[in-house]
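Q: Here it is: the structure, laid out below.
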Amino acid sequence: MEMFDWKLTIKFNITLMNMAGLWPPGDETYKLNFYSLYAISLITLLLVCHVISQTINLFFILDDLQAITGTVFLLLAEMLIVLKACCLIKNMRILKQLMTTLDSNLFQPKSTRQRLLVESSLNFWKRMNKTFWSMGTCTVIFWGIFPILDNTFKNYRLPFFAWYPYDTKTSPLYEITYIYQVISTSFAAYVNINTDTLIAALNMYTGTQIDLLCDNLRNLHYPDEYFNKKLIICVRHHQAILIFANDSNRFFNWIIFLQFFVSAISIGITMFQITVVKLHIILQTMFFCFNGFFQVASYSNEFYSFMIYFSAAIVEIFIYCWFGNEVEIKSRKISYALFESDWTTMSPKTKTTMMFFLLRCHKPLKISAFNLFYLSLDTFVG
C-alpha cells in the first residue's frame, strides 16, 4: 500500500512558514546560511522593531488609561508572537524529527479502513484552520483600515499607537509608516496563526495515532502466536506515541503557558475596552413588546474591531483546548479497545503481556503546560 503522507495536511502551513523564514527547506535546521539571515532580518524588522516602537510610546501616554489599555493588550500579544517565533527557531530540530517520525512504519495506516478512520480528524483540523485564518485575517484587515473607516487618517492617525524618531504627521512619512504598521501586523498574525495551527496539528496527529492503535488492538485475534506478535507491535506503537506526544509537548510548553497568560490579560482588557468605546445611537423606535421597547444602535468601528479581536482570541484558546482534550479522551479508550479483541482464548503468557500493557495505559495521556494546567475543555470553560 502507498505510504500515507501526514505532512500533506499541513503542507500549506509549512509553505507559508517557509516563506516567513520559520521553516528551513527539506529536513534542514537553521545553519549559518542565507536562509537564517533572511529569517533574522524579517523577524527583526517586522516584529521586534514594531514591538519596540509601541513599547517606547507607552512612556508618552502614561496619563491616558484608555490609550494605555488600548496599546497593552495588543503589545502583549505581539511580544508573545516574537517569543513564538524564537521557540520555533530554537526547537526546529525537534519539529523536523517529529515530521520524520510521522513517516515511520509504526505510524502508517495499515488498510483503507484505517485511512478513512483518520480522515475525520484531519478534516476537522482543516475546518478549524480555515476558521482561525478567516478570523485572523478579518482582525488584521479591520485594524489596518480602522483610521480610514473613522476618517481619522485625515489627522494622521496610525492604526497603532507607536513612537518613531521622525514626525509621522507629515507626508510621505505618514503613508510609509502606515504601510509598515499594516505589513508588520499582517506578518505577526501570519506567524501567530501558523504556530497555533501547527501545535493543534501535532496534537491532532497524536490523537489520530491513538485511533490507529485502538483499531489495531480491536482486530487482534486467534491464533495465539499472531495475537502475541501483533500485541508487541501495538506496545511499541504506544511507546512511540508517548514519545511523539512528549516531544511535541516539549516544543510548545512555553508557548502554551505564555499564550494562556497573555490571552487571559488580553481578553480582560478587551472587555474593558468594549465598555468604554462610544456608541452612536442613530434610531430609537419604541413599541410595545412584553412591556419593553426596542432600540436600534450603531456601534463605532472601534467596537467592532474589539469584538473581532475578542472572538479571534477565544477561538485561539479553543483550538488548543479542543485538540488537547481529544488526545486525553482517545487515550482513555485504549484499554477498552484491547478488551474488544479476541483475548479470552489466548495463553497465560499472552494475557500477562496484556495485563502489563493495560497497567501502562491506565493513566491517560494529557497535554499540559509544564504540568501546571492541562489542555482540555474544562480549562477552556474556566
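Placement of Cβ uses the backbone N, Cα and C atoms for every residue, glycine included.
Found this in TrEMBL, in case it helps:
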- 35-61: transmembrane segment (TRANSMEM)
- 67-89: transmembrane segment (TRANSMEM)
- 131-149: transmembrane segment (TRANSMEM)
- 251-272: transmembrane segment (TRANSMEM)
- 303-323: transmembrane segment (TRANSMEM)
Q: If you count every Cβ pair below 8 Å, which range out of 35-61, 67-89, 251-272, 303-323 shares the most with the transmembrane segment (131-149)?
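A: By the under-8 Å Cβ criterion, the transmembrane segment (131-149) pairs most with 303-323.
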Q: When you scan the chain for residues with a C-beta under 8 Å from the transmembrane segment (67-89), skipping those not six or more beyond its ends, what do you find?
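A: Residues 17, 22, 30, 39, 43, 47-48, 50-51, 54-55, 57-58, 61, 95, 160-161, 188, 191-192, 195, 251-252, 254-255, 258-259, 262, 265-266, 269-270, 272-273 contact the transmembrane segment (67-89) from elsewhere in the chain.
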